[in-house]
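Quick look at what TrEMBL annotates:
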type	residues	note
TRANSMEM	76-95	transmembrane segment
TRANSMEM	101-121	transmembrane segment
TRANSMEM	141-165	transmembrane segment
TRANSMEM	177-201	transmembrane segment
TRANSMEM	210-230	transmembrane segment
TRANSMEM	258-275	transmembrane segment
TRANSMEM	306-321	transmembrane segment
TRANSMEM	328-347	transmembrane segment
TRANSMEM	367-386	transmembrane segment
DOMAIN	405-582	domain 'Phosphoribulokinase/uridine kinase'
Ligand SMILES: Nc1ncnc2c1ncn2[C@@H]1O[C@H](COP(=O)(O)OP(=O)(O)OP(=O)(O)O)[C@@H](O)[C@H]1O
Ligand SMILES: O=C(CO)[C@H](O)[C@H](O)COP(=O)(O)O
């Protein structure tokens, strides 16, 4: 069926005993059990629609004396069930077994959606296939609700989960379509909408997906959700059901007969919490949606089907949780089944003519105690889900403030080139780049430049630079200025808005302690002097309009300050990059010819170098020399070779797969040494953030 995602590794399932067990149990249940609610409500409505086809099946059903409680679902639910119910009806007709086989068709549809749900989850978490088989495919709650009690909520729930999968795959239109279909199947799925909307809106890297998602969602729902409202039968059967009123069941009495509805209030607070988190990752989106569904279920006299709404999110938590988390979800499922089974209707066993509905064995007091225990475990789960989501999100410090990366080095060392390459990874929309040149104290030609060079810290307003970095890191805007290298003057004041990633590049970025201590990653470029001279000369003459002799003289004059103020910053760096020409003779090649580069990287006290070197050799095919100058504390690597941008992207996907939440939807990877530098900076970000969180 259409919902089953293509490209799934399903081949192993045919030999998986747990999967086959789950399938066999389902097969037996659906073949031999005929749940009461299906026989009393769903099958009569669907077969009625088959026998007397009408544009408005709800009104037609009521006019024919049907029970208004029969099918409180929208057109998508009908469309989902009709093909197999119709097939069963037609096959059974010659034998007088049309109603029985229509019921079987309904249950086969449930099986198809149930299996699709399992496959969707496997596609979302491919590395957790075995756990999903235990957590989802063998879940007593799924089996009880869908095949014993016979509720059909699995259909909208699976379509909704598929919408989440599409969001995770950045297929925003498809996500909008699926969520609209889920809502048109069962309106309660609308509860997921605010979380998906906020997630897309708050993440700048995904914001471009907001409009396609919302547009398709609104368009499809307008047609499928609003058109049926013209039918009075639909309004009676779907919109004004006693089910919907359950949302308002728990309330706080006020004066004059007014009440405060607690479940909607709690839900609204969850939406607000999601909004306040500023930036969320996919894992947190799933947690927050799951907690919200769970709250609604726990704060209402929920029908059995409602428990399915929260279940996929609980299972997602379960497969990633520790032992306690795993067993808590299992305990919750196991406790809910008897709670529901002792009150809700069950199935008939037509072969033996037996009714398997369980009698009300418990006194209402005992039942209430059991319900309280279920709510207690549910609350613990909601708290754990929330905490777990926040912690995973907080790993990147995404919700607390921007990620700050500082780059220092001499003029022409390649700071802005590296900053631009990093901006290409995170996406322009997520980056604020603060350039140190904007903090020179004087414009070109000012008399003070005869006394000091630009490399002297006193010639730069470093306290102001630090202040601006502090402000933007704390989420406040700053007002700075840009140094125009053509005119030698400063721009009018410009707003430096806080953003998800702050790149600070300049001659003195790693000098002021107040600035250095706020940086998450510190990089120093110690470009080979010959290459730096070559780069600077080429750029200053071609792009900045300087005279070659003046550039040469300026570099010679700055040398003492470079030694005194620039090079010492290396001591504050996590990473030192030293780029050089593979062959210095290439520097005298004709203009424009690419110059093969080699990269020396000095990394201090890092845990990732072994994984990095393996990936660089195996995936990128570089030549690599390693040295450990101080018994392992520092790693000194020299890397040479041609590297494709695609291979850098592949290596990053292997080495820091979870960092993709920090990167642009389509990050721009560079080839050769600039690409290798991008990769190493990402690994350093990963390591430094891990260590900060661990503290
Ligand atoms: N990794 C690299 N690969 C190829 N060319 C580079 C690289 N880094 C820098 N360059 C070249 O060197 C020139 C100077 O680099 P860039 O402007 O980034 O240096 P900078 O350190 O920001 O200099 P300044 O502080 O003077 O502004 C660039 O115009 C570019 O041509
Ligand atoms: O060194 C620099 C870059 O980091 C200075 O910004 C630059 O040299 C400014 O002076 P001028 O425009 O007169 O060359």
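Using N, Cα and C of the backbone, Cβ positions are placed for all residues, glycine too.
For the transmembrane segment (76-95), the list of distant contacts is 42-43, 46-47, 49-50, 57, 101-106, 108-109, 112-113, 152, 155-156, 159, 181-182, 184-186, 224: same-chain residues at least six beyond its ends, Cβ to Cβ under 8 Å. Note: the stretches the transmembrane segment (306-321) and the transmembrane segment (210-230) are not in contact (fewer than 3 CB pairs below 8 A, sequence gap of 6 or more). Contact check: the transmembrane segment (177-201) against the transmembrane segment (258-275) gives at least three Cβ pairs closer than 8 Å, residues 6 or more apart, which meets the contact criterion. Outside the transmembrane segment (328-347) by six or more residues, the chain places 33-37, 135, 139-141, 144-145, 148-150, 303-304, 307, 311, 314-315, 317-318, 321, 355-358, 360-362, 367, 370-371, 373-374, 377-378, 380-381, 384 with a CB less than 8 A from a CB of the stretch. Sequence-distant contacts of the transmembrane segment (367-386) (same chain, six or more residues past either end, CB-CB distance under 8 Å): 287-288, 290-291, 294-295, 297-298, 313-314, 317, 321, 325, 328-329, 331-332, 335-336, 338-339, 342-343, 360.
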